[in-house]
Every structure is written in C-alpha cells, then in structure tokens.
Amino acid sequence: MQMSKSFLLITVGLASTSLQAQTLTRDNGAPVGDNQNSITAGENGSVLLQDVHLIQKLQRFARERIPERVVHARGTGAHGEFVASGDFSDLTVSAPFTEKGKVTPVFVRFSTVIHSKGSPETLRDPRGFATKFYTEQGNWDLVGNNLPVFFIRDSIKFPDMVHSLKPSPVTNVQDPNRFFDFFSHEPSATHMLTWVYSNLGTPASYRTMDGFGVHAYKWINQQGDVNYVKFQWKSQQGIKSLRPNKVTEMQGKDFNHLTNDLYAAIGRGNYPKWDLYVKVLSPEALSKLDYNGLDATKVWLNVPDRKVGTMTLNRLPENFFLETEQSAFAPSNLIPGIEPSEDRLLQGRLFAYADTQLYRLGANLFQLPVNRPLTSVNNHNQNGLSNNAQLSNGDVNYEPSRKLNLAEDNQFKAVETKLVGTVQQKAISKPRDFYQAGVLYRSMNEQDRSDLIANLAGDLNKVIDKDIKATMVSYFYRADKEYGSRLAEATDTNLSQVKNKAMM
C-alpha cells in the first residue's frame with residue numbers, strides 16, 4: 001500500500017503528541033535542558049567543569065557496578081511460594097512447617113559457583129540453589145547447591161580451594177594443573193569430584209535439577225527436642241543434564257541457556273515446581289553412622305526422607321539488579337526452630353556469607369526490598385551508608401532501658417548442647433574419604449560411567465605433573481577399582497603406579 005509523505009508526517013506527528021513526555025532531570029530533581037551536547041568554551045573549546053549534568057552522568061556510570069560475588073557470581077532469580085504439605089510441629093517450630101497448606105513467599109537465586117558474571121552457563125560447575133523464605137518469624141535462607149556434598153569438610157580450606165579453582169593470577173585462565181594440585185592433597189574431594197564430573201555438573205536447565213542444603217541442620221520443637229535434618233529439593237520436572245557432546249553444541253548456540261530457559265518457562269506460565277524433602281536423624285542415630293554425619297563431603301545413606309512441602313516459581317524479577325543482583329543469602333539467616341549443626345564447613349559459612357554480603361551491599365542490605373523481612377525489625381543497629389530506616393525509638397538507641405520496653409524473648413534462646421573433650425585442632429574421626437564415591441560410581445549406568453570417565457580425563461589430561469595425575473587417579477581407584485582402572489587408561493597413567501599410591 002502506498003502512503004503519501006504528508007500522511008506519514010501527520011501519522012508521526014499524532015504519535016509523538018500522544019505520548020505524555022516527562023521532563024528529564026538530574027538526580028537532585030532539577031530539569032535537564034540539553035542531554036545531547038556538553039557545555040564548551042566556544043565552538044571548538046574544551047568542555048567545562050561546570051557542566052554538572054555531564055559530570056553527574058559520568059560519575060554515576062562509573063559507579064554502576066557493585067563488587068562481584070567472590071563465588072556464585074553468575075546467577076538468575078525468580079519469585080514464588082512454598083506450600084507446606086503437612087503439620088511438622090512435632091519436629092520444629094519453624095513457621096513454614098507448622099500448618100498444612102501454609103503459604104510462604106520465597107525468592108530463589110540459581111547460580112554457577114566458580115565462574116564470573118559473564119561466563120557461559122554451559123561450563124562445568126556446581127550450581128547454587130539458594131532460597132529465601134519470607135516468614136512471620138523473619139527471613140530464613142536455605143543456601144545450597146544442585147549436588148548433595150562439597151569438596152572440603154572444614155571451612156579453613158575454603159579460600160584455598162576457591163583460589164585453586166579460580167583463574168590463575170598469572171594468566172587469568174582457569175587451569176586444571178592448579179586445582180588438581182590442590183585436590184591431590186585433599187582426598188576428601190573424591191566424592192564431590194565424582195558428582196561434579198558426572199553429567200549433573202552440566203545441567204540442561206535450572207528447572208531440571210534438584211537442590212540440596214548440603215549440611216546438616218538442627219530442627220527444634222516446642223519442647224526443645226533436637227533432631228538433625230538434611231534438606232533436598234526434588235524437581236517435579238525431572239532431572240535432565242547435558243552430555244559432553246551436547247555441552248559443546250549448546251555453548252555454540254546459547255551460552256545463556258539456563259537463564260533463557262527459566263525466563264521463557266515462567267514467562268509462558270509453565271511454572272517450575274520442586275518438592276522439599278527432609279531426612280531426619282536423632283542425635284543418637286547420627287552418632288551411630290559408620291561415617292561422620294556432620295561431614296559435608298557425605299550423604300546420609302539409607303536414611304528415609306519425607307516430603308514437607310512444594311515450591312512453585314511463578315514470577316520473574318522486574319529488574320535484575322534490584323532483585324537478583326542485590327539479593328543476599330547467608331546460612332546465618334535462621335529463624336526459630338532451625339539452628340546450625342556442628343558441621344565445620346557450615347560453621348565457617350555462617351560468618352563468611354553474611355560478611356561478604358556486608359562488603360558487597362553495605363551494612364543496610366536488609367533495607368533493600370528483596371532482602372527486607374516481612375516482619376518489623378526492632379533493634380538498635382543504626383547509621384551506615386544508605387540508611388533510610390525510620391527509627392522511632394527517639395533518644396533510646398540501647399538496651400536495656402527503663403524508657404523503652406524492647407526486650408528479648410526467652411522462648412527463642414538457642415538450644416543447649418552438651419559438650420565433651422578439649423579445645424583441639426584435629427581432623428574429624430571416621431573420614432572415609434573414598435567409600436561414598438565408590439557407591440555413587442556403582443549406582444551409575446554404563447553411559448553415565450563412560451561420560452564421567454570422559455569428563456574427568458578431559459581435564460586430567462591437561463595436568464603436566466604426572467605425579468599429581470597418578471595421585472588423583474589413585475583416589476578414584478580407592479573408591480572403586482573399575483573406576484580407577486578405566487580412568488588410568490583414559491589418562492595414559494601407569495596402573496601399577498596408581499595401585500602403589502592407593503596402598504600408601
């Protein structure tokens with residue numbers, strides 16, 4: 001259809017006048033007269049410092065980035081709800097679990113662990129699975145991964161482990177020579193390495209992976225009874241991962257595949273769901289395990305689980321930075337009825353995660369909408385950068401005081417725990433570094449075993465030091481002889497040397 005020039009001009013004119021334009025302003029609210037040209041000294045003169053609009057735009061642009069998370073930098077989030085499947089008040093007084101059908105709002109952030117913000121989501125890595133429950137008792141963060149165990153059992157090794165897995169300070173490239181050098185001194189990592197080098201280390205979708213709390217926690221009921229629990233999110237979408245050839249194919253097509261898939265599914269109303277299960281052990285039953293039940297490198301074998309609720313993610317963030325990037329998760333964000341166990345890795349995470357969020361977002365991070373509790377916050381924490389809280393306590397910013405009745409509630413005191421022994425600095429008892437890696441390997445079908453060997457060999461064959469390679473293969477041999485023998489063949493490692501190391 002041919003349209004006249006005058007018709008086009010009239011149409012464009014009508015369209016432009018129909019918009020209710022708002023006046024562009026500076027941050028102080030003052031209107032901007034020209035956003036296209038800087039103020040200069042004459043036609044060809046220098047730009048003037050008095051151009052405050054230009055200066056402010058450049059200043060704000062230079063400050064758009066906040067510190068990147070040291071781990072879990074690349075992530076995506078979604079809002080949703082958790083619905084309890086029963087009344088579990090016999091086990092815990094935690095609000096989400098005390099009434100069948102109770103609805104608790106949640107925000108979930110999925111992430112890669114080691115790689116940086118702009119990295120491909122196809123890279124092999126554990127995946128973070130962090131859930132913030134907004135309860136009437138405060139915010140509870142269940143900060144986990146898509147794999148049930150971790151590389152180390154003591155938080156004192158966490159900085160070293162992350163340093164080895166991060167890019168080299170010389171080349172700025174991740175290097176298997178570095179992280180296998182570290183892991184050759186950490187046989188406890190054998191179990192986790194078997195998990196992460198399986199195809200579960202390259203999930204096809206955030207929707208098609210499970211989540212685990214990794215650590216044991218304590219559930220406490222109204223009577224003060226204590227049980228140890230482990231949490232697992234089971235995907236109602238099933239488990240789907242990328243095989244080695246599909247990883248390369250996907251990276252060539254879409255290295256944002258995890259984010260794009262989640263956004264597309266929720267955007268079209270295909271809301272993903274996960275059932276939350278818990279394994280429960282009494283302190284007595286925990287002590288009778290033939291491994292240390294508080295060891296983050298272990299799963300609780302043959303312990304039955306029970307479903308406690310279902311989570312549905314049904315709303316996407318309106319702004320990535322305000323919601324997903326500024327969301328702050330920490331295992332120390334606990335509510336009544338849930339306490340940390342004595343797990344040595346968890347004990348360190350209680351401090352480290354909260355501290356890194358203070359560094360990244362500042363002391364008033366809980367005033368950010370995505371981190372703000374539904375309950376009123378009543379304490380005497382004050383001031384700091386970007387504090388916009390309306391304090392109503394007047395002159396009283398301390399406790400106790402006769403002027404203000406803001407007191408503790410004894411019913412929420414920490415549970416008492418009996419301690420025996422002496423202050424010490426020793427490794428845990430019953431480490432059993434290799435046993436569960438063997439159980440995992442033998443549970444795999446042949447295709448999954450072959451992919452595991454191929455994935456591991458792909459990185460081990462980049463290791464120059466043959467002693468490091470042989471040591472690593474010996475760990476997998478100790479887990480399962482077939483496992484180690486196949487890996488020795490795939491890495492051209494002398495099997496006799498492997499067997500000798502396995503006997504050491």
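A Cβ is built for glycine as well, from the same backbone N, Cα and C atoms used for every other residue.
Taken from Swiss-Prot as is:
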type     : residues : note
ACT_SITE : His72    : active site
ACT_SITE : Asn145   : active site
BINDING  : Tyr353   : heme binding site
SIGNAL   : 1-21     : signal peptide
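When other Cβ atoms within 10 Å of the Cβ of the residue listed as 'heme binding site' are tallied across all protein chains shown, the result is 21.
Asn145 (active site) and His72 (active site) are 10 Å apart (CA-CA, integer value). Cα of Asn145 (active site) to Cα of Tyr353 (heme binding site): a span of 14 Å. DSSP classifies Asn145 (active site) as strand under the three-state reduction.
Following the DSSP three-state reduction, the secondary structure of His72 (active site) is coil.
His72 (active site) counts 24 other C-beta atoms within 10 Å of its own C-beta, drawing on all protein chains shown.
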